[in-house]
Amino acid sequence: MFKGALFDLDGVIADTAVFHFAAWRNLIKKYFNADLPDELEEKTKGVSREDSLRVILDYLQISVPADAFARLAEEKNEAYVAALEVLTPDYILPGIADFIQTLQENGVKLALASASKNGPLILEKLGLSEAFDAIADPANVANGKPAPDIFLAAAQGLGLAPADCIGVEDAVAGVTAINASGAYSVAVGGDELNHAKLRFKSTADLDFTKIKTAFGKID
Ligand code: B16
Ligand code: MG
């Protein structure tokens, strides 16, 4: 049986992507009078703030000096954090509160493995701070997802070997990161996540017994 569960945040615990992308859209409209297409949202999921801005500026074929780049990232974050004010436990994705409770009842420790520097604030607003035993700090890891760093840091925060943990993700790069870390990947989403060891269609379908059984069959 696994002893730890390493959670991605955006798309697994709450759908913060809509807040992220709205903040990027408003910023780009304000400074470049450009509209970002919906498909860019997917490309900014699970990647760091700076990498998201790089993706967006590449798409617009705009290059800015380093100080302007830093100011844009900072202003986006201020708008994003302000938008997070509305977050309440009602924003926890379907099935997640029950899944967390089942994990706790079975003695599984929980860690956050999110690319977001706002992870602690978001958990607090969702009323989940107490449920998590560790929060890996993305500011302290060298490489973002798909590199395994944040999942390795999350397992370390629990004092566990990655092989004794499951990782839960909704993004392609995130599943790749879990696999590279040596933890057992559990995905929530579509066929693009078939590189996960186990996949559920949505957070509402997460099934502790199925995960436990599948994990127990690893050679
Ligand atoms: P911040 P995750 C990621 O969260 C988001 O999916 C991504 O859109 C965002 O750029 C990144 O966090 C950084 O967030 O600007 O708050 O530090 O999916 O890794 O939980
Ligand atoms: Mg995610």
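Glycine is no exception: its Cβ is also placed from the backbone N, Cα and C atoms.
Per TrEMBL, the features are:
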type: ACT_SITE; residues: Asp8; note: active site, nucleophile
type: ACT_SITE; residues: Asp10; note: active site, proton donor/acceptor
type: BINDING; residues: Asp8, Leu9, Asp10, Trp24, Ser52, Lys76, Ser114, Ala115, Ser116, Lys117, Asn118, Lys145; note: substrate binding site
type: BINDING; residues: Asp8, Asp10, Glu169, Asp170; note: Mg(2+) binding site
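A map of TrEMBL features onto the structure.
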residue	record	contacts (Cβ under 8 Å, 6+ apart)
Asp8	active site, nucleophile	Gly46, Ala113, Ser114, Gly167, Val168, Glu169, Asp170, Ala171, Gly174
Asp10	active site, proton donor/acceptor	Thr16, Ala17, His20, Lys45, Gly46, Ser114, Ala115, Ser116, Asp170
Ser52	substrate binding site	His20, Trp24, Thr44
Asn118	substrate binding site	Asn77, Tyr80, Val81, Leu84
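Annotation note: Ser52 (substrate binding site) sits in a helical segment as assigned by DSSP. Annotated Mg(2+) site Asp8, Asp10, Glu169, Asp170; additional same-chain residues within 8 Å of its Cβ mean position, judged by their own Cβ, are Phe7, Leu9, Gly11, Val12, Lys45, Gly46, Ser114, Val168, Ala171, Gly174, Val188.
Residues from the recorded positions list (Asp10, Ser52, Asp170) with a C-beta closer than 6 Å to any atom of ligand 2: Asp10, Asp170. Close contacts with ligand 1, defined as a Cβ under 6 Å from any of its atoms, occur at Asp8, Asp10, Ser52, Ser116 among the recorded positions Asp8, Asp10, Ser52, Ser116, Asp170.
Look at the binding-site residues Glu169, Asp170 and count other Cβ atoms within 10 Å of each Cβ; Asp170 has the fewest. Every protein chain shown contributes to the tally, and the Cβ of Ser116 (substrate binding site) ends up with 20 other Cβ atoms within 10 Å.
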